[in-house]
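Trainee: So Swiss-Prot lists the following for this protein:
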type	residues	note
MOD_RES	MET1	N-acetylmethionine
CROSSLNK	LYS90	SUMO2 cross-link
CROSSLNK	LYS107	SUMO2 cross-link
MOD_RES	SER116	phosphoserine
CROSSLNK	LYS125	SUMO2 cross-link
CROSSLNK	LYS130	SUMO2 cross-link
ZN_FING	154-240	zinc finger
BINDING	CYS185, HIS187, CYS210, CYS215	Zn(2+) binding site
Amino acid sequence: MPGRSSSNSGSTGFISFSGVESALSSLKNFQACINSGMDTASSVALDLVESQTEVSSEYSMDKAMVEFATLDRQLNHYVKAVQSTINHVKEERPEKIPDLKLLVEKKFLALQSKNSDADFQNNEKFVQFKQQLKELKKQCGLQADREADGTEGVDEDIIVTQSQTNFTCPITKEEMKKPVKNKVCGHTYEEDAIVRMIESRQKRKKKAYCPQIGCSHTDIRKSDLIQDEALRRAIENHNKKRHRHSE
């Protein structure tokens, strides 16, 4: 447009996106609220399993996690729709101001139309929640999980002995207090030990390999590590039982 500068950041011709981009940034911050809600629901669900509270209460937390995961998907789709619209308009540089709201809504609905339950497998916190819930039930020896895993009637001492192997850090060779799981290979380590190992290797410009014997994963990164809340609780419960038996 004559007399208009298009060199300013966040604008295309006479169309300014600064306000939209600012609002988009604030919208992204809402992601932290969703993550916090998922962490709380996950923690409560694990508490319910640990205390063997009625299944209906646990189901409520599971339902809450589904709702959070759904909200997370909607937020990601909306952010993607806005960003896609902005990029498209910047590239096209139209003389006439388009209906941005309508364009965003069309892109958002197009993304939403492809929704499926399989999408939840891409939500890291939701997947982690389901895995830890299953693991904690197994560690607590709940009947339903024994039947599902085909371990009904198996000696509990054998199960405990097998579980204790998972309690030991492959680096320190000691029982873990703050276990973290590697998302890539699934092995667990003491948090401080594996972080020190990764940092030490990085200082020498080398990759950190998984210290678990037999594991072929040779590039562990801090971003691959997640808190293994189920294992931490299982270790604590095991120690409490051991302490009671020794009294």
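Every residue, even glycine, has its Cβ placed from backbone N, Cα and C.
Model, not experiment: these values are computed from the prediction.
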Trainee: Can you list the residues of the same chain, besides CYS185, HIS187, CYS210, CYS215, whose Cβ falls within 8 Å of the Zn(2+) site's Cβ centroid?
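Mentor: Result: ASN182, VAL184, GLY186, PRO211, GLN212, SER216, HIS217, ILE220.
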Trainee: Across the zinc finger (154-240), what does the pLDDT come to on average, as a whole number?
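Mentor: PLDDT averaged over the stretch: 84.
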Trainee: Taking every protein chain shown into account, which of the binding-site residues CYS185, CYS210, CYS215 has the largest tally of Cβ atoms within 10 Å of its Cβ?
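Mentor: Compared across CYS185, CYS210, CYS215, the most Cβ atoms within 10 Å surround CYS210.
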Trainee: Within the zinc finger (154-240), count helix residues (DSSP H, G, I), strand residues (E, B) and coil residues, in that order.
Mentor: 40 helix, 14 strand, 33 coil
Trainee: Taking the Cβ of LYS90 (SUMO2 cross-link) as the centre, count every other Cβ atom within 10 Å, in any protein chain shown.
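Mentor: Excluding its own Cβ, the number within 10 Å is 15.
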Trainee: What is the total of other Cβ atoms whose distance to the Cβ of LYS125 (SUMO2 cross-link) is within 10 Å?
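Mentor: Step by step: centre on the Cβ of LYS125 (SUMO2 cross-link), count other Cβ atoms within 10 Å, giving 19.
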Trainee: Give the number of CB atoms, excluding that of HIS187 (Zn(2+) binding site) itself, located within 10 Å of its CB.
Mentor: 19
Trainee: Can you give me the Cα-Cα distance between LYS90 (SUMO2 cross-link) and CYS185 (Zn(2+) binding site) in Å, rounded to a whole number?
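Mentor: Cα of LYS90 (SUMO2 cross-link) to Cα of CYS185 (Zn(2+) binding site) measures 42 Å after rounding.
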Trainee: What is the interatomic distance between the Cα atoms of CYS185 (Zn(2+) binding site) and LYS125 (SUMO2 cross-link), given in whole Å?
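Mentor: Here the two Cα atoms are 17 Å apart.
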Trainee: Please name which of the binding-site residues listed here, HIS187, CYS210, CYS215, is nearest in space to SER116 (phosphoserine), Cα against Cα.
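Mentor: That would be HIS187, nearest by Cα distance.
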Trainee: Closest of the binding-site residues to LYS107 (SUMO2 cross-link), Cα to Cα, picking from HIS187, CYS210, CYS215?
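Mentor: Nearest candidate: HIS187.
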Trainee: Within 10 Å of LYS130 (SUMO2 cross-link) by C-alpha distance: pick out those among the binding-site residues HIS187, CYS210, CYS215, and say none if nothing qualifies.
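Mentor: Near LYS130 (SUMO2 cross-link) by Cα: none of them.
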Trainee: Pop the Cα-Cα gap between CYS210 (Zn(2+) binding site) and LYS125 (SUMO2 cross-link) into the table, whole Å please.
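Mentor: Distance (Cα to Cα, whole Å): 23 Å.
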Trainee: Can you see whether DSSP assigns the residue listed as 'phosphoserine' to helix, strand or coil?
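Mentor: Assignment for the residue listed as 'phosphoserine' reads coil.
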